[in-house]
C-alpha cells in the first residue's frame, strides 16, 4: 500500500511539475499530509521540484527545511529554483551551504549567472571548476560557450573548444550545437560551418543553430539554402528554424517565398503556434504587406506580447501611427502588459504622426511604470520630441540621461538637424567625439545633411575627411548623404566621384545623384544617370520617379514623361500622393492641360501638394479664374493652404486683375491662416498693383516690407512702369537693381522701354550708350521643342542647328504672312540686340 502511494504521489508531482499546474499539485500535497504518508527522499524531491518549477519558492523552502534527509538532488533543485526567479544571492547561498556537490550543482550555479547576464562571474566559476578538477560534462560546455556567445569573446570560445576536443566531447550534439552558435555569434561563420560539417551526427538542434547563425549575420540566402538542405535530409522543422527562415524572407523582402513558407508552416501544424505566428507576421510587415500581417495576428489564438510588439512595429514601419497606437492600447488593457519594446514602438508611432500630445502622455506612462530610465525607451522619447519639433524637451531628456549610447547622441543630433539648428548640430557632433563615442553611419548622415542644408561646404569637407578616416566613405548611406551635400554646394564633379566609389549603389544613392543634378538645373545629366540606374538593374522608387517627372516638367520633355507615367502605372505607384502631384505639374508645364486636369481628377488621395500643383497649373497657363475657383473649392475640403498655394492664387489674381480679392487673400494669409508672407508673396502683390496701374502703391509696399527687397521684386516693379508717368518709380527700381548687381542688363532694357513708352528718346539713347560702353547685352531667350524623343534648343540668332537655313526660310515666310495680315513690328520701340 505504501509503495503504491509513493508511486502515485511522485507521479502526480512530476505531472503537475511538467504542466506547471500549481493548484492541483498543492491539493495533492495537502492530501499527502492529511493521509499521514511519510514521503521518501525521492517523493520529497519530486514535490520540491514541482514548487520550484512553479516558481513558488516560499513553499519550496518550507518543504526543504522540513525534509528529514536531503541529498545532492535536493540542494540542486533549490539552486535551480532560485535561478529561475533570478535570485542570485539565495542560489549562491545554497551552493555554498551544500555538504557535497556534483557537476549538476556547479552547472546550476553557472546557469544562474548566465540567465542573469553576469558573464564574468560565470567564467570565474568555470575557472574554479578547472582548478578543483571538477569533472565537466556537455551541459557545462554548453553553458560556458553560451556565455562566450553573449559577450562575443572569440578568444575564450576557442580555448573552450580546445578543451572540449581534449576531453573528447566536441562531437556531442549539444556541445557541437553550442560551438556552432558561439562561432556564429562571434561572426565567424566559416568556423561555425566547419564545426557543423565535421559533426558525425546532426539533429534538428544542430541544423537550427547553423541556420540561425547565418541569418543572424545577415547571410539570408545561405541560411535559406541550409534550410533546403535540412528538408532534403528528411528532418522536421522546429519553431526556431521557422523563425530564422521567416527572418531571412523579411531581410530579403522575399514576399513570395515568405508566403510559400507560411503555407509550409500551416501544413506542419504550426499555424496556431505563437512563436512561428509572430515570425510570420513580422515577415509580412517587413515585406510591406501589413494587411497579411494583420490577418496572421488575428488568427493567433493566444497572441503573446512579442506578437503585439511585431504588429505595432509593422504599423510604424508603414507610417500607420494611429493604428500602431490603437494596438498598443489593446496590449495595455490585456493581461500581458507592455514592455520597453511595445512602449518604444508606440512612441515612434507618435513621432511618425507628429502627435506631441500622445507622446507626452506616453512619456508620463513610461515614468510611472519605471521605464523612464531604460535607455531604449529614453532614446525613443528623445527622438519623438525631436520629430514633433519640441527641441527644448528633447534637450532636457538628453541632459537628464544617466547613461548615453550612440543612439542617444544620434537622436539629439538628428533632432537639431531636423529643426534646422545647424550650428548646434555640429556643436553636438564635436561633443560626441570628445565623449569618446565613435560616430556611426547615422551620425555622419545627420551632420552631412546639416551641412547640405546650409551649403556649408568647408565644414562638410572636414567631416568628409573624418568619414574617410573612419573607413565609411564607401558606405551607401553615408555616400548618399555626401553626394547630396556636394550637389547642393554646386560641387557636381566631386559628387559624381563619390557616387562612383560607393560599393553598394542602392536606390537611395542613385536618387541622391539624380536629384542633385536636378536641383542644379542640369536635367540632361540627371536623365543620363536615371538611364544608367535602369541599366544597372536598380529598381526606382516613388522618389526617383517623382524627381524624373519634375525634370521632364522643367525640360518640357513630354514624351519621356509619358513613358515614366506608363512605368508608374505598371508598378501601381500612381496612388502615391507625391507622384500624382508631380504628374499634374509635369503635364501642365509641358502644355498639356487636359492630361494635367485628368491626373488631378483621378488622384485617389489629394493633399495640399496635389491641390497646389493644379492651382499652380491654372495660374501658369493664365487661367486665373479656374485657379481661384479651385482654391475656393479646396477650402470646402478643409485642406489648409500653404505658402506655395498662396503664391499661385496671388499670381492668378494678378493675371485676372482682381486687385481687391488679391489684397484680401494677402491679408488673410496672416490673419486667418497664420502664414507670414514671404518675398514671393510680396512680389505677386507688387505685380498685382503694378498691372492695375497702382505703381506708387506698389513702391510703398516694397518700402514697407519687413525685409530688404530682392532683385525679383524690383524687376517686377520696373516691368510694370510701362505706363507713361511712372518714370521716377522706374528710375528708383532700376537704381535698386544696379545696387544689387551693377551688371544686370535687364534693368537697362526695362528702364529703356519705360523711357520709350513715355517718348523720352534722349534718355533711351543714353541707356543704349551706357550699355554699349559697358559691353552689356540683353540675356538672349532660349526655347526648345521635342520631336521624336530628341530635344532641339534655340537662342536668338542661332545658326548652329543643322537645319538652320530651312528653319530661317520658314520664319521669313511667317513674317511675310504677318505683314500681309497687317501685323508690322514697330522697331523704334525695341532695344538693339
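Glycine is no exception: its Cβ is also placed from the backbone N, Cα and C atoms.
Given the structure is predicted, the values throughout are model-derived calculations rather than measurements.
Same-chain neighbours of the repeat 'PPR' (71-105): 41, 44-45, 48-49, 51-53, 55, 57, 60-61, 64, 111-113, 115-116, 118, 134-137, 139-140, counting only residues six or more beyond its ends whose CB sits under 8 Å from a CB of the stretch. Feature annotation from TrEMBL assigns repeat 'PPR' to 71-105 (among others).
With a threshold of 8 Å between CB atoms, the same-chain residues lying at least 6 positions outside the repeat 'PPR' (172-206) that come near it are 138-139, 141-142, 145-146, 148-150, 152-154, 157, 160-161, 164, 212-214, 216-217, 219, 233, 235-236, 238, 241. The repeat 'PPR' annotation in TrEMBL covers 172-206 (among others).
Mean model confidence of the repeat 'PPR' (405-439) amounts to 88 (pLDDT, 0 to 100 scale). The repeat 'PPR' feature in TrEMBL is assigned to 405-439 (among others).
The repeat 'PPR' annotation in TrEMBL covers 506-540 (among others).
Residues annotated as repeat 'PPR' in TrEMBL: 607-641 (among others).
Tertiary proximity for the transmembrane segment (28-51) is limited to same-chain residues at least six positions away from its ends with a CB under 8 Å from its CB atoms, namely 2, 5-6, 9-10, 12-14, 16-17, 57, 59-60, 63-64, 67, 69-71, 73-74, 77-78, 81. Here TrEMBL flags 28-51 (among others) as transmembrane segment.
Under the heading transmembrane segment, TrEMBL lists 72-91 (among others).
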